[in-house]
Structure formats: C-alpha cells, structure tokens
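Shown next, in structure tokens, is the structure this report addresses.
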Amino acid sequence: MNTNPASMAVIGAGSYGTALAITLARNGHQVVLWGHDPKHIQQLQQDRCNRAFLPDAAFPDTLRLETDLACALAASRDVLVVVPSHVFGAVLHQLKPHLRKDARIVWATKGLEAETGRLLQDVAREVLGEAIPLAVISGPTFAKELAAGLPTAIALASTDVQFSEDLQQLLHCGKSFRVYSNPDFIGVQLGGAVKNVIAIGAGMSDGIGFGANARTALITRGLAEMTRLGTALGADPSTFMGMAGLGDLVLTCTDNQSRNRRFGIMLGQGLGVKEAQDNIGQVVEGYRNTKEVLALAQRHGVEMPITEQIYQVLYCHKNAREAALTLLGRTKKDEKIGI
C-alpha cells in the first residue's frame with residue numbers, strides 16, 4: 001500500500017489506459033495505475049510493462065501500480081478513467097465513495113452509455129453530481145504508438161476552464177504528444193462514439209473487396225452523419241473537422257490497428273458477428289455503439305443511413321454486401337442537403 005501523492009490516478013489498465021499512464025509518467029509526473037483485476041496489476045508490477053498489450057513499453061520509475069482502489073484515489077485529486085463505455089457508469093459508482101472532496105474526473109472512454117445511449121457526461125453527472133469538474137480527451141490515438149512515444153495529437157474538452165488548463169499542462173509533451181483544448185464538450189464526446197460505427201462499415205467495405213473509392217466515400221458520408229447528429233445535440237459542427245471528429249474517423253477507418261475496422265473486415269469476408277468478436281479477443285466498442293448511436297439519432301430525428309445499415313448487419317443478420325447495395329440504391333440527392 002502506497003499513499004504518496006500523485007499527479008494523476010489512471011483507472012483502467014488495458015492497452016489505452018496503460019499507454020496514457022506511461023505518457024503522463026514520461027512527462028515527469030507521479031502516476032498511479034489501477035485495474036479491476038489484482039492479479040493483472042501484480043503481473044504489471046512484476047514485469048514493469050504491460051506484457052499482454054504493450055510489451056515493448058517499459059514503465060517509467062514514476063509510474064506505480066496499485067491494487068487498492070481507495071489508495072489509488074487518495075493519492076490524486078485528478079482521476080483519468082479509461083474503461084469500456086458499457087461499464088463506465090458502474091466504474092464511476094465504484095469510484096465515488098473513495099474520491100477526494102476536491103476530485104476532478106477526466107475520461108478517455110469513447111462511446112455512449114449502454115442501453116440508454118446517453119452521453120457519458122450525463123452518466124457522470126447522475127453518479128457524481130453537478131459540482132465535480134469533468135473533462136474528456138479524444139482523438140486519433142492507437143495505444144501502441146502512444147506508448148512508443150510516436151507523435152500524437154488529441155482534443156481535450158472540459159466543463160471547467162482551470163481543469164482544462166491543468167490537464168493540457170499535464171498531458172502535453174512538446175516532443176511527442178500535442179493536446180488541443182476545445183470548448184465543445186458534447187462534440188468531443190460524440191465524435192469518439194460515431195467513428196467506431198463508421199470504422200466497422202469501412203472495414204466491411206474492404207472485407208467485401210470494394211476498394212479505396214468506397215472506403216473514402218464511407219468516411220466522407222460517415223463524417224456527414226456524425227456532424228448531423230452532433231448539430232442536433234447542440235455540438236459545434238466545426239468540432240467534427242478536428243481531432244475528435246475527422247482525425248479519429250480517418251485513423252480508425254484506414255488502419256488495421258483499429259479493432260472496429262478489423263471486426264468489419266471479418267464481417268465483410270463472411271464471418272458471423274460472434275466469430276469475428278472472438279477473433280478480435282478484445283472489446284469492439286463499435287458493436288454496442290452502433291445500437292446506441294442509432295437509437296440516439298432516432299430520438300432526435302436525425303437520418304443516419306450508414307449507421308442504419310451497419311446495425312442491420314450486426315443485429316438483424318443482413319449480409320454486408322446487401323447492406324452496401326441498399327446504401328448505393330438510395331434516392332438521388334444533393335450532397336449538401338442536410339450536410
């Protein structure tokens with residue numbers, strides 16, 4: 001047990017949580033990393049690396065592991081939550097009794113609340129109350145590249161100006177990690193959820209063998225869907241041309257480090273949903289996000305035809321090629337109508 005102060009407590013010891021913890025520690029900050037599985041944390045402590053996901057990224061001396069949640073949270077007022085979206089609310093409930101009175105919460109989770117499709121800010125407010133400062137980071141980041149110290153840029157949005165400035169100072173590294181602040185709290189959250197869905201579609205297109213033209217069309221029209229939904233929810237449309245929108249969308253739609261894209265490729269090649277998920281071996285956020293994003297769009301009367309067809313493939317057993325033909329056969333329209 002170690003209660004020495006830390007600049008940040010990172011909750012979630014998967015690939016991305018570990019990569020962010022390493023990045024913070026390399027910036028010279030004291031960081032404590034906690035995960036839900038004590039055996040996993042003990043193994044990380046023994047190996048001084050995350051051998052399962054990031055075997056080549058050694059832990060800096062300023063990164064310590066913690067199996068006791070209360071101790072991890074007592075060490076820092078600033079808490080970075082990096083867990084799958086479907087357990088986000090449950091994890092916040094777990095954290096709540098142990099948070100310091102001056103705690104501030106930031107998350108790197110991309111997605112919406114399971115079943116309800118609510119933005120994660122609404123979940124956080126419900127669990128933690130209105131007073132606690134909140135923030136979100138999002139953008140084109142693969143954990144392996146981040147942990148390797150390769151150049152990366154993200155967007156940061158917060159409900160609190162001081163928290164935003166403090167986080168930018170903590171995270172920013174002039175050698176490899178650039179952090180752009182953005183006042184659009186809704187837009188930065190939403191981009192990370194919608195891009196997961198479109199990445200599955202881009203993967204399906206490539207799995208079928210449709211080529212670069214089709215993939216690019218899906219990215220472009222997927223961006224239009226993201227922007228339409230964001231605008232309906234009160235986001236700034238320009239956010240979706242930045243790191244949390246177009247940046248993350250292009251990354252996950254074009255590189256096979258993306259689990260969502262690889263999942264889509266397998267579906268396009270004819271594998272079933274369960275088999276494709278098993279082959280990935282990690283959480284495919286876009287699978288749940290598809291249902292949640294579509295439900296959110298329908299509640300707000302927003303047309304999202306690509307998302308609708310991906311939903312049909314994932315949940316209604318529609319063939320991926322048939323879904324593509326449905327999109328191609330839609331009524332002719334002006335590109336600028338409804339974005």
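In case you wondered, yes, glycine gets a Cβ from its N, Cα and C as well.
Keep in mind that what you see is a predicted model, and the values were worked out from it rather than measured.
For reference, Swiss-Prot has these:
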ACT_SITE  Lys195  active site, proton acceptor
BINDING   Ser15, Tyr16, His36, Lys110, Ala143, Arg259, Val283, Glu285  NADPH binding site
BINDING   Lys110, Gly139, Thr141, Lys195, Asp248, Ser258, Arg259, Asn260  sn-glycerol 3-phosphate binding site
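Here the features listed in Swiss-Prot are painted onto the structure.
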residue: His36; record: NADPH binding site; DSSP (3 states): coil
residue: Lys110; record: NADPH binding site; DSSP (3 states): coil
residue: Gly139; record: sn-glycerol 3-phosphate binding site; DSSP (3 states): coil
residue: Lys195; record: active site, proton acceptor; DSSP (3 states): helix
residue: Asp248; record: sn-glycerol 3-phosphate binding site; DSSP (3 states): helix
residue: Arg259; record: NADPH binding site; DSSP (3 states): helix
residue: Val283; record: NADPH binding site; DSSP (3 states): coil
*Using a 10 Å cut-off, grab the number of neighbouring Cβ atoms around the Cβ of Asp248 (sn-glycerol 3-phosphate binding site), all chains included.*
29
_Let me make sure I understand the structure: which of the binding-site residues listed (Ala143, Val283) has the fewest other Cβ atoms within 10 A of its Cβ?_
Val283
*asked:* Return the residues near Tyr16 (NADPH binding site) by Cβ distance under 8 Å, restricted to its own chain and a separation of at least 6 in sequence.
replied: Val82, Ala108, Thr141, Ala143, Leu146
*Please tell me which one of the binding-site residues listed here (Ser15, His36, Val283, Glu285) sits closest to the residue listed as 'active site, proton acceptor', measuring Cα to Cα?*
Glu285
_Cβ-Cβ distance under 8 Å to Lys110 (NADPH binding site), same chain, at least six residues away_ = Ser85, Ser138, Gly192, Ala193, Lys195, Asn196, Asp248, Glu285
*What's the CA to CA span in angstrom from Ser15 (NADPH binding site) over to Gly139 (sn-glycerol 3-phosphate binding site)?*
16
*Determine, to the nearest whole angstrom, how far the Cα atom of Ser258 (sn-glycerol 3-phosphate binding site) is from the Cα atom of Val283 (NADPH binding site).*
11
*In terms of DSSP three-state secondary structure, what is the assignment for Ser15 (NADPH binding site)?*
helix
*Would you count the other C-beta atoms found within 10 angstroms of the C-beta of Ser15 (NADPH binding site) for me?*
21
